[in-house]
Structures are given as C-alpha cells and as structure tokens.
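Listed in Swiss-Prot:
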BINDING   13-19, 41-43, 312, 338-340, 421-423  GTP binding site
BINDING   14, 15, 16, 17, 39, 40, 41, 42, 130, 144, 225, 240, 310  IMP binding site
BINDING   14, 41  Mg(2+) binding site
ACT_SITE  14  active site, proton acceptor
ACT_SITE  42  active site, proton donor
BINDING   306, 307, 308, 309, 310, 311, 312  substrate binding site
C-alpha cells in the first residue's frame with residue numbers, strides 16, 4: 001500500500017517547504033495543494049537553478065508526478081497563467097501535469113483592489129497581507145457570494161454572478177475607500193479568455209485521490225504558510241485566511257483524515273516572520289530591533305520573502321510554539337531546515353517557556369496576538385559551533401554541538417527530527433527516516 005504524507009510549516013511560514021516537497025516527490029504520484037493561494041512562495045534549487053512557485057505544487061518539476069490544486073485553494077487565473085508561462089518557457093509541460101478542482105474559489109481583480117485598499121486604510125497598523133486578494137476571496141467563499149472555477153464554463157451564469165458581486169464590492173471601494181471601481185467588462189473578458197485552458201485541467205479531486213489511494217500509490221499534500229498563521233490557531237488577527245494546519249487537508253482536498261499516514265512538520269533552526277504580528281523571540285527586524293545575531297540569521301539565511309521580497313524578521317527558535325504545532329497537527333516527524341545558518345554562532349538559545357506579566361511561567365501559547373505581546377521568553381542556552389555544516393549529508397559529518405542542538409529540539413517537542421537540510425539545493429539534505437518508507 002502507498003502512503004499519504006502531509007508536509008506543512010510549523011512556524012510563521014518560510015520554513016523551506018518547497019525544497020522538501022520537491023525532494024520527497026520522487027516517491028509520490030500526486031502532489032496536492034489544499035489551502036492558500038499565490039500568497040505562498042515555495043523556492044526550489046535544483047542543480048543550482050532557482051525556481052519560485054506561488055500556486056502550482058512544488059512537484060511540477062518531476063516527470064513522474066501529477067500536481068493537483070484542491071478546492072481549498074483560492075485561485076487567481078492571472079497568477080496561474082503567469083506561472084504556467086514561466087514554467088513552459090523553461091520547457092516544463094505544465095498543462096500535462098496540472099489538475100484543478102472546479103470548486104476552487106476565484107480571485108478576481110476586485111479582491112485585489114479590496115485587499116490593497118484595506119491595508120492602505122490601516123495606516124501604520126497593517127495586518128501584513130501580500131495584497132493579492134487572498135483574504136477577500138475567502139470572505140466571498142464563506143459569505144456564499146464567491147465565484148468558482150466551475151462558473152467559468154457557463155458564461156451567462158458567470159456574468160450574472162459577477163455583476164451581482166461586483167456591484168456589492170464596487171460600492172465599498174468607491175464610497176468607503178474612495179478608490180476607483182473595478183470594470184465589469186474587462187473582468188469578464190479576462191476571465192473568459194482563460195476558461196478553456198482551465199477546463200482542460202479540471203478533475204474531481206476527491207475521486208482522483210481516492211482512486212490513487214486504492215491503487216496503492218503515494219500522495220503528498222503540500223501545505224502553504226505555517227501553523228502559527230492558521231486562521232483559527234495562529235496569532236489572530238495577524239494570520240492568513242485559511243487553515244494551514246493538517247486538518248485543512250480533509251476540507252481543502254476532500255480526503256478522509258483517517259487515510260493520512262504521516263505529518264512532516266518543517267521547522268527552521270531559528271524563527272522568522274514576515275509582516276506584522278507578535279514574535280516573542282524576535283532579535284532583528286531591520287528597524288527597531290538590531291541584534292547582531294538576528295542580523296547574522298537574516299543575512300546568512302537570505303531571509304527575504306519569496307512572494308513579496310520583504311525582509312523577514314528573525315529570532316531564536318521557540319519550543320513553546322513548536323509544542324503547540326505538534327499538538328494541532330499530530331506531527332510524526334520534523335524536517336529541520338537551515339541548520340547551516342547557525343554556523344559560527346558562539347552561543348545558541350531556545351525559548352522553553354514564557355513569563356507572563358504577573359510573573360508566572362507557562363509553556364502554553366496564548367490564544368491571540370494580544371496575549372503573545374505580553375509574554376517574555378525564557379531561554380535555555382547551548383554552545384554553538386564554528387565548523388561549516390553547509391552541504392553535510394550525514395549525522396557523522398555534523399559537529400557535536402549541532403547534534404546536541406538537534407537532540408534538544410527532539411526532547412523539547414517529543415518529536416523526532418527525521419530530515420535535516422544543510423543548504424538550499426535538493427542534494428544538501430540528510431534523510432534519517434523517509435516519510436514514504
């Protein structure tokens with residue numbers, strides 16, 4: 001029998017999921033995106049060549065893999081066509097490998113306009129969205145007024161639905177945010193221009209997944225963003241608009257949760273965050289916080305967002321938050337990424353608890369952003385190492401201090417580290433236990 005594996009982020013995104021998904025897809029038949037949209041940025045480096053994907057699953061560069069976009073993904077036709085064009089220009093036969101659920105909500109120009117207008121109106125207190133219309137598209141889905149991919153194939157129905165929802169949103173754009181209305185005819189024409197292209201890729205995702213499972217083939221589910229950005233379990237309201245946790249697989253792909261065999265949590269050897277929101281172990285943000293260790297992490301780790309290009313805030317590893325990620329996702333094993341970025345640091349710190357305002361200590365995360373902003377991290381110090389770990393592919397090749405750091409993460413979280421990444425390239429990895437084995 002095959003195995004069904006979930007790969008997801010355990011922090012605030014940017015943990016290195018793209019590389020890991022690409023690495024594991026040599027054993028998978030399907031790679032499935034189940035939430036998010038083109039706000040995700042998954043970077044792959046293969047033989048020195050860099051590819052950044054935002055919407056299409058990271059398995060698209062593999063000949064043996066079909067890539068699936070499930071119903072939980074909000075889909076921008078414009079972004080999809082741009083990504084298809086980029087890959088086809090490099091000789092990748094995307095349309096032969098990509099399958100899409102007709103139930104995917106569409107991201108249309110008025111969603112982007114709303115997203116940008118709202119962030120602008122928040123002034124110096126933005127949520128930190130990518131401005132790509134993700135949140136407004138999910139809002140329309142929940143409000144049951146959104147258009148879906150399947151609507152594109154009935155032009156009359158699409159036009160009627162578009163006219164209704166556009167009237168609703170244009171009223172807000174013009175009268176509340178004082179920006180221009182979105183044009184109906186251009187929105188309609190642009191959508192119809194890609195309808196036939198998308199129609200050729202439509203599939204019943206639930207049926208496909210079940211038949212693949214019954215055939216004994218492996219399925220890999222690729223998460224976007226990270227656990228601490230989950231709409232329900234993250235640092236609300238500084239979160240994304242979807243469920244980034246393992247439960248999102250069932251709802252966002254239509255796959256029964258009892259069929260999941262392994263959840264791989266991607267954990268960076270330190271912590272980063274893009275945009276606004278609490279960050280207890282933060283060291284460096286390029287503005288108010290200027291700790292040299294944090295700058296080292298950002299510079300050596302090339303910490304700039306793959307989607308937005310924004311500087312990522314950096315800080316020490318937070319084991320309290322990691323324990324919560326383990327609880328929510330029932331994580332089977334970790335993939336520890338960017339261990340090499342810690343090379344050269346004399347002392348390392350891991351947050352093992354939070355001190356509250358009244359002086360009490362807890363190892364439980366707060367329920368919302370307001371609680372996070374009031375905690376002080378409690379650190380455990382460990383010796384660092386001076387040796388170079390870039391490209392090391394066996395535990396024996398790591399310095400003792402690095403091995404001790406890995407073991408301490410396992411002890412604090414109760415989860416084994418099954419994969420260690422020591423560089424951006426596919427080959428700069430040690431697999432201690434393969435999730436598909």
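Every residue, even glycine, has its Cβ placed from backbone N, Cα and C.
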Listed binding-site residues 39, 309, 310, 311, filtered to Cα within 10 Å of residue 13 (GTP binding site): none
Whole-number Å value for how far residue 309 (substrate binding site) lies from residue 42 (active site, proton donor) (Cα to Cα): 13
From binding-site residues 19, 43, 339, 422, the one whose Cα lies nearest residue 310 (IMP binding site): 43
Count of other CB atoms lying within 10 Å of the CB belonging to residue 42 (active site, proton donor): 25
Residue with minimal Cβ packing [other Cβ atoms within 10 Å] among the binding-site residues 13, 16, 41, 309: 309
Site of maximum Cβ density within 10 Å, from binding-site residues 39, 130, 422: 39
Binding-site residues: 19, 310 - member with fewest neighbouring CB atoms within 10 Å: 310
Neighbour tally for residue 14 (IMP binding site), based on other Cβ positions within 10 Å of its Cβ: 29
DSSP three-state assignment (helix, strand or coil) for residue 14 (IMP binding site): coil
Residue pair residue 130 (IMP binding site), residue 339 (GTP binding site) - Cα distance, angstrom, rounded: 28
Nearest-integer angstrom distance between the alpha carbons (Cα) of residue 311 (substrate binding site) and residue 41 (IMP binding site): 14
Sparsest Cβ surroundings (other CB atoms within 10 Å) among the binding-site residues 43, 225: 43
